[in-house]
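Going by TrEMBL, these are the annotated features:
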- CYS183, CYS188, CYS191, CYS203: [2Fe-2S] cluster binding site (BINDING)
Amino acid sequence: MENTYLTKKETLKINEDTYLITLENINFEIGQFLMIETNKLVRKPFILGTWDGKTAISVQIKGKGTKHIVETTQTLKAHFPLGNPFIPPKGKGIVIISPTCLTLANLMTEKYNCDVLVGSKTPLKIKIPFDYAIGDEYFAQKIDNLNTYDWYLISGSKSMEEFVLSKIDSPNVFVSLEEYMGCGIGACKSCAIFTKNGVKHVCTDGPIFRRDML
Ligand code: FES
């Protein structure tokens, strides 16, 4: 595990409030995340992925800390890699994401040749090589007409994840719960969730869980 400064390479606007930031390459496994310290000394988690052959994250501006990460600083104080690697079951899968997980989806397609569906509330500002839906209504239509896959990985807002879970009747559905994390290293206990196997911590037991655990 490393605790160091990473240099931003490029920042691309994905949609109205979400940005893709490429970084110098670091070692990590699919499913792992990093924590970035903001100017307020708060640490925020971001799932790791790739873009244009570089390590990359997607950041939604939600407040001063994320605005600082996107717009102000050129170096990011980061702690990585954290969390457990994710290996999907065999067969054809799909990654259903919000723009905040675009780089994870990109890495998944590179490694597993899976399909991707991106649901964005606002129009996209960059070209992406994936299927996408703009707006909740169109996204819901896409989900209703989804092909059957051997496995599904859902990563987005809590409401989006709950909606997609309610529509897919398969045991092989995996959900990324990184939005629950505070410290990312098992110290603060703020990411505790109640599962069928008792209390789990998203940062050290996840961040990706199979649906029948939840
Ligand atoms: S985020 Fe602090 S214990 Fe998991």
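Using the three backbone atoms N, Cα and C, a Cβ is placed for every residue, glycine included.
Of all the binding-site residues listed (CYS191, CYS203), CYS203 sits in the most crowded Cβ setting, with the most other Cβ atoms within 10 Å.
Residues CYS183, CYS188, CYS191, CYS203 make up the record's [2Fe-2S] cluster site, and a Cβ search at 8 Å around their centroid adds MET181, GLY182, GLY184, ILE185, GLY186, ALA187, LYS189, SER190, HIS201, VAL202, THR204 from the same chain.
According to DSSP, CYS203 ([2Fe-2S] cluster binding site) is assigned to a helical segment.
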